[in-house]
Each structure stands twice: as C-alpha cells, then as structure tokens.
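Participant: First the structure, then my questions, so here it is.
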Amino acid sequence: MADAPRTVLISGCSSGIGLELAVQLAHDPRQRYQVVATMRDLGKKGTLEAAAGKALGQTLTVAQLDVCSDESVAQCLSCIQGGEVDVLVNNAGVGLVGPLEGLSLAAMQNVFDTNFFGAVRLVKAVLPGMKRRRQGHIVVVSSVMGLQGVVFNEVYAASKFAMEGFFESLAVQLLQFNIFISLVEPGPVVTEFEGKLLEQVSTAEFPGTDPDTLSYFRDLYLPASRELFHNVGQSPQDVAKVIVKVIGSARPPLRRQTNTRYTPLTALKAVDPSGSLYVRTSHRLLFRWPRLLKLGLRCLACSCFRTPVWPR
C-alpha cells in the first residue's frame, strides 16, 4: 500500500523559487506531496494558479499567510486538514541593498522580521506536531550570503547568517525527534523581483551617504552585481529542482548549495577560516581590479561550471 502524501507547507509562493517549488512538488509523478502554497497577498495568486494547472485543487491548494503575523500563521495552519505539516519550507523573504548610512532602521528591522523572525514563527507553530509524531523535515531557503558577507548587502547577509546559526543549533536537538533541517543556499537567482530591485536602487538617493560611498555603490558595485547575475545567476526553476531533491532524500543534508559556478567565490573563506583572505581579495577585486572581476565572472559562466549541485 502506498504511503499517504506528505503535507508540504511553503511560504512565499507568489513568484520565484516558492512558486516553482510548489508547482514541481504538486506535479510529482508519484504524487507524494500535498502542497499548501502560501503568500501574503492572495491578489497575486493568479500566476501560481495558472502554473499549477490541473494540480490546483488536487495536489496543490493556495492559502494566505503573512509570516510576520502570529494570527495569520495560526489561521493558515487551522485550514490544513488535521493541522499537521510534514515538510515546512521557509522561503518567504525580502531583500535590502545599498549604502548602510542611507538605509532606515525600520527597513532593516523589516528584513529581520520577515527573513529571520518569520521563519522562527513558522517553526514554533509546526514543531509541536512534528515532535509529537517524531518525524518532520524543515527546509530553509537561506543564501550563500549566510556563509559570507557581501558588500552593500550587510543587513540581508546578517539576516541569513542569523538563520544559519539558529537552524544549525536547532538541528542538533531535533535529530533526537527524527526531525531533519536542511539549509538550501542559492547564489544569485535571476527573477523579475531582483531586476526591479537593482533598477530601483540605481536611482535611489540614499540620504546621509557621502559622495565617495555613493559613487562606489553606483559605479562599482551595481555593474559588478549585474555582471554576477548575468554570468552566475540561476533560474528559480533550477533552485527548485535542488530543493525537490532535498525533500525527497532519505537522509536530508544539513546544507546544500545549489550553484557550482558560485563555489569559487565561497572557496576563499574555506581556504582561510580567519576571513582575512576573502575580505582582502573581495576589496581588491571590487575597488582596485574591477576589470579583472568582470573577466573572472565571465569565466565562471564557462560551460565547465554549469553542472548543478545535486544531493547524493
């Protein structure tokens, strides 16, 4: 007799990785999953419903969920049959980029409220049921910025560092309950949202920022960032495929990077755990040798780096 489908709750499914993951799981040929695809604004559900096709109402349902609201989380879980979640995918997140002096504390707090505390809020809600059943899987869409800091992304990187530390610590305890945690760490992901964000910040004023820093951001960082996304960026579909593999794994990994083309950029920190080599090299490439950085990013786009990292 076939096992009953596992209930998978995914946050942040209006677009990007969340949308693609929900659709791929819902179309699983073996029908192993019952997907609850959530988003804060149900007015944006049209794209997801169209992509789901015949799976809508069968192996996929759409629900409202604001990860920053206790009431919204409770309401969402109450609509799930039995109220039990077998797999939680913490995907909802927001970005923030720009010179630190020009960012408000309210904007910084919003990043942590969504990226970190939103994930913690969902885990607190589903954990009692998982512990009671002594089984479960928590998947966290983190980032390579949770492994290394990136200039002008200080707040976003800090939120991902916080996630990495929190969930690695929690993973030790949860193994005792047969509950697994997997941190999935994409590099640059090419989405419409990212394109609009880079376009917006390119003309933003960032009040309080000195002219030199503003020039570094606009004239050095933004061109390098566009080059990075163009040459090394993955599609949401490719990242979702990796997460599907992680969810289907009999022995889920604690960490899984999704993009081997980005690996050379994280290797410096592994070579020198003090971090000094990474910081010095990043500084020189961005501020002294931008042409070499551009050439290096184009080399990373070489076909020999195109094989994605799949769980073993």
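Just so it is clear, glycine is given a Cβ too, placed from its N, Cα and C backbone atoms.
The structure displayed is predicted, hence computed values, not measured ones.
I grabbed these lines from TrEMBL:
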- TYR156: active site, proton acceptor (ACT_SITE)
- 12-40, ASP66, LYS160: NADP(+) binding site (BINDING)
- SER143: substrate binding site (BINDING)
- 6-189: domain 'Ketoreductase' (DOMAIN)
Participant: Can you check which residue among the binding-site residues GLU20, ASP28 has the largest number of Cβ atoms within 10 Å of its own?
Facilitator: GLU20
Participant: List the residues of the same chain that sit at least 6 positions away from GLY16 (NADP(+) binding site) in sequence and have their Cβ under 8 Å from its Cβ, in sequence order, or write 'none'.
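Facilitator: Sequence-distant Cβ neighbours: VAL189, THR191, PHE193, PRO236.
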Participant: Restricting to the same chain and to sequence separations of six or more, state which residues have a Cβ under 8 Å from that of VAL36 (NADP(+) binding site).
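Facilitator: Same-chain residues close to VAL36 (NADP(+) binding site) (Cβ under 8 Å, separated by 6 or more) are THR7, VAL8, LEU9, ILE10, THR61, ALA63, CYS76, ILE80, VAL85.
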Participant: I need the CA-to-CA distance for GLY12 (NADP(+) binding site) versus SER143 (substrate binding site), whole Å please.
Facilitator: 15
Participant: Which ones in the same chain are close to ARG40 (NADP(+) binding site), with CB under 8 Å and 6+ residues apart in sequence?
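Facilitator: SER14, GLN64, LEU65, ASP66, VAL67, ALA92 - these are the non-local Cβ neighbours of ARG40 (NADP(+) binding site), listed in sequence order.
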